[in-house]
Every structure is written in structure tokens, then in C-alpha cells.
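Features as listed in TrEMBL:
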type	residues	note
DOMAIN	B:19-190	domain 'Cytochrome c assembly protein'
TRANSMEM	B:26-48	transmembrane segment
TRANSMEM	B:68-88	transmembrane segment
TRANSMEM	B:100-120	transmembrane segment
TRANSMEM	B:132-151	transmembrane segment
TRANSMEM	B:163-182	transmembrane segment
TRANSMEM	B:214-235	transmembrane segment
Amino acid sequence: MMPDLGKYTEAVLSSYALSLLLLGLLVVLSLWRGRKVRSEMEQTELRISRDG
Amino acid sequence: MSIATKANAIWQYANPKKFLATTERVLPFFWISAAICLAVGLVWGFFFTPDDFRQGSTVKIIYLHVPSALMAINCWLMMLVTSLVWLVRRHHVSALAARAAAPIGVVMTLIALITGAIWGQPMWGTWWAWDPRLTSFLILFLFYLGYIALWEAIEDPDTAADLTSVLCLVGSVFAILSRYAVNFWNQGLHQGASVMRAGAVTGTDTTEKVSNVFFYPLFLCIIGFVLLFIALVLYRTGTEIRARRIRALLARERAGA
């Protein structure tokens, strides 16, 4: 299934590995921060409404 | 509905609540369609396209290099538009959208630079050359870093939005240069446009362009990168809006205490 990349195997595979790693990190960190901030906002709103 | 009324309808999204409600609804579509386009485009390009007669299997790098470079430039142009909206109309959502887009631009620029270097080494015999396009891309990358640093360095968000918007206007010169530098600076290693050229499609321009066997999966990858960019910008802008609300709530609480 794996195509024969010949003498450029290292170049092609490292390009894909690094790019997909960077894109994956960007998506995961964005989602992680998004969830963290959303829960912080909900807690802050709850605390402020409770404390009046 | 008249055109003016339709155009004015866009300003309703300057309301953070309206923006968040709309993005919650449309985000699943963008995430899923981006994943499908990228998966199909990359698998097609990597496994089911032949080697190029000159570049061998390194041509497969095109499916990452071209879309990321395209998005690196267009991300800055999107930031330019939202920065102008902030400067003219003072809508906070537009300033926050520009802030949210910058890290995406950094990653896209980095991918374009890394894959370009890896591709350049076997084709040109060097990882790097001070070629007009490469150099303007490196400067664009530095502008992205400077833009993010400026947002982080200034405490007052409105002042930060003002200064980063001005920086964005200045950096736009390099975003445009990185696209068109090869057209008016003839020295350098990087080739001119061989993918997105209107003349090549209509037949008026007969110079070499990328073959259809590579173009179709590449086009799918470009669509995938665009959809991923939209999904990330919408999601990250929502995060910035919520972070701003937390700061506002805490400031109000401190003022009332």
C-alpha cells in the first residue's frame, strides 16, 4: 500500500510528519483552551450571580 | 431585500451573543467538511498520484506546501480586513477575530517554510536561499510573531487592538510581497505561480502549469485547508470573546467591591 518514494522517502515522510504534527497541535491546543475558557466563564458567571 | 440591507446584515455578527450563537450552529459543518476534504485530498495525493518526471516523489509535498502557503498569506489578509473594521467601526469581535487568527497564520507560515526547505534541499541543492519569495515569507512569519507578542504585551485590550491593527497594516506589504515577489523580482530560485493562474485555465497563458493529475487532489487539499482555517478562526474567536467576558466580569466585580 505504501508508495515507493525512492531516494526522497525521508524528505516526503518528514514533510508529512511535521506538517500533520503542527496542524494537530494547533487544533488540540485551540480546543483545549476553548474548553478551559468556557468552563472558567461559566464558573465566574455562576459565582457572581450567587454572590449577588 | 436590497443589496445595501443585505450588506448591513453582516454587522449583526458584531454582537458577541449573535456571533457565538451562529458559530455554535455552523462549526460542526466546517470541522467535518475540513476533515473529509483533508483526509481524501491527502490520501489521494500521497497514495494515488504518480511521481513527477523531474521532481520524483517530492512532488507529493505540494499537497501541504501550497495550501499552507496560500493560507499563510490569506490569513494575514483576513486579519487586515478585520483590523480595518476595528479601526473604522470599533467592533470588538473583529479585533478579537484578528487576534484569534494570528496563531493559525504562524502555523501555516511555519508549515510552508519547513516543507519548502525540505522540498528545496533535493531540488535546488539548498535548504534556504535569500530569494525574494522565501525572504518575504520569513519576514511575514516574524510579523506574525511580533503581532502576537504585541497583543500579549499590552494590558489594555483596546490599545492592544489599535496598535496590532496598525502593525497588521504595515505587515500587509510583506503578505502581498510573498505572493507577488516572484513576478517583479526575476532573481531567485522559487518558481512563479503554476497552480492558481487564470490564464492557464482559459488557455491564454501557455507557460507550464501543474498537471491535472496533481491538481485535482491539490485543489481538494486547498479546500480542506480553507475549511479548517474557517473552523479554527470561528472557534478561537468564540474563545477570545469568552475570555474578554471573564475579564469584564472580574473588573466589574472588583469595581463593585
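A Cβ is built for glycine as well, from the same backbone N, Cα and C atoms used for every other residue.
All annotation found in TrEMBL is predicted automatically rather than curated by experts.
In summary, the transmembrane segment (B:132-151) does not lie against the transmembrane segment (B:26-48): fewer than three C-beta pairs, each 6 or more positions apart in sequence, are under 8 Å. Same-chain residues lying 6 or more positions outside the transmembrane segment (B:214-235) and placing a CB less than 8 Å from one of its CB atoms are 23, 26-27, 30-31, 33-34, 36-38, 40-42, 44-45, 48-49, 52, 59, 62-64, 66-68, 70-71, 74-75, 78, 97, 100-101, 104, 108, 195. The predicted model assigns the domain 'Cytochrome c assembly protein' (B:19-190) a mean pLDDT of 93.
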